[in-house]
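Chemist: For reference, the structure I am asking about is given below.
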Amino acid sequence: MVARGEIARFWSLESLHLVSSDGGTEPSALVDDNGSEEDFSYEDLCQASPRYLQPGGEQLAINELISDGNVVCAEALWDHVTMDDQELGFKAGDVIQVLEASNKDWWWGRSEDKEAWFPASFVRLRVNQEELSENSSSTPSEEQDEEASQSRHRHCENKQQMRTNVIREIMDTERVYIKHLRDICEGYIRQCRKHTGMFTIAQLATIFGNIEDIYKFQRKFLKDLEKQYNKEEPHLSEIGSCFLQNQEGFAIYSEYCNNHPGACLELANLMKQGKYRHFFEACRLLQQMIDIAIDGFLLTPVQKICKYPLQLAELLKYTTQEHGDYSNIKAAYEAMKNVACLINERKRKLESIDKIARWQVSIVGWEGLDILDRSSELIHSGELTKITKQGKSQQRTFFLFDHQLVSCKKDLLRRDMLYYKGRLDMDEMELVDLGDGRDKDCNLSVKNAFKLVSRTTEEVYLFCAKKQEDKARWLQACADERRRVQEDKEMGMEISENQKKLAMLNAQKAGHGKSKGYNRCPVAPPHQGLHPIHQRHITMPTSVPQQQVFGLAEPKRKSSLFWHTFNRLTPFRK
């Protein structure tokens, strides 16, 4: 039986650290002061803890804990957005109670009074598992002082143990992570480079990205952690400074995370051929790597950068303000959360440019530069009446991107077909709100109107919305556009020219044929019937969803409503 208030640690895809029967851990790869590594073979690891190392060991351990009456909780690494009632939706950082973990891909859990399936790879198990409710019964008044004193003493000792658990998890997962990175570099990349007939340089760059740079950085980071680790009294360790000193170095994960979707696609294409499947499996066996496919190993850096803020948040929770590391841990948590937010924002931008590229290809008669030359995000869209200099009204559909406003006209017969009519440079425009009545510039009576005035040519562009609330949304969208442009500048948010060209190339290829279905809302994954769990008649998803969002803070920007109505605004719909 596991002690009340805490649970032993387990193997997981991203951490894969060892758990002994008494809750202690065994390192798999240690880095000495010279940066060299002491290696443990696969056989050594199996002998140290064969039960939890084998595939399915984590699920076995969790289910045993649950069956013993323990509450097992996990924290979400990514947002899980679902349209299926039998799947559990949550945001990154949310806590999910794990109720069933028999399947390696899908677990059954509870969040906010709802029980459903969720993808196991989207979460990390908490190191310290606390009771959902404690001290529910009242204590007699004559015994309160003595009980309170004993409770404070127990709480102090418990908090030290909790902090020890988190510190050990950070150290153990770092050591095993180094082994994973080394296995990828030596077991896969080195062998791939020997087989020039199978892999081009470009293919290897796509599949592995800058993981060798990450390996080099993480070895230095682990060396710093080892110096600050107090082996005798781990709860006294002061590791916050290690994160602060290396926070700029963690930015290299942005390139890897942005490249990861392309790596998965390239790898999937190669795996269609038997010789590549056999080759990668041979590499794994030769390197004595654990039984996880190459795509699982390549996911570990993405999971790792998401895991740091959660670990630091848990460490901060069990670090008293009197602790010497409190201020550094607090600053490190904010720093790593910002790193994750920046990576998440860049990932979101990359996903956005693919949609924007496909949108541009759908517009008939597009002229001038590609939309991606200057823009990477759609902020707002809708219909407005444009008033010309001659006083004529033109009904147009406008799309507000960062840096530019694009004007399109609907086809008279096919209202879902759009023709390109021009664009305005928002960097050169000044927004002017107009009250209802006569406008002196156009000498016209207007309602729900606003105008854009060019700072260079002083040319005036007058727009009228159908309703007051529509106008309000456009005014807010224009303000948001300016704010986001400034934020991107401050964050150094840039999309490379190669990524833009690739997005346009893919969109043009897709646009040459019939409708590819890209403009449709995503559908829930297929399901199959299984035996009911807990006497519930449920089915479990058969596929593991892709990690679409890996932000670790509340998103600062709401998703655009445009993509939900994309069906109505493309010429491919039959």
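Every residue, even glycine, has its Cβ placed from backbone N, Cα and C.
The shown structure was predicted, so the numbers you read here are calculated from the model rather than taken from an experiment.
Pulled these from TrEMBL:
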type	residues	note
DOMAIN	69-128	domain 'SH3'
REGION	131-157	region 'Disordered'
DOMAIN	162-346	domain 'DH'
DOMAIN	377-483	domain 'PH'
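Help me picture these features in the structure, burial and contacts included.
Modeler: Looking just at the domain 'DH' (162-346), the mean pLDDT is 91.
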Chemist: Could you put numbers on the helix, strand and coil content of the domain 'SH3' (69-128), residue by residue per DSSP?
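Modeler: Going through the domain 'SH3' (69-128) residue by residue, I get 3 helix, 29 strand, 28 coil.
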Chemist: Would you mind splitting the domain 'PH' (377-483) into helix, strand and coil residue counts from DSSP?
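Modeler: Per DSSP, the residues of the domain 'PH' (377-483) fall into 19 helix, 56 strand, 32 coil.
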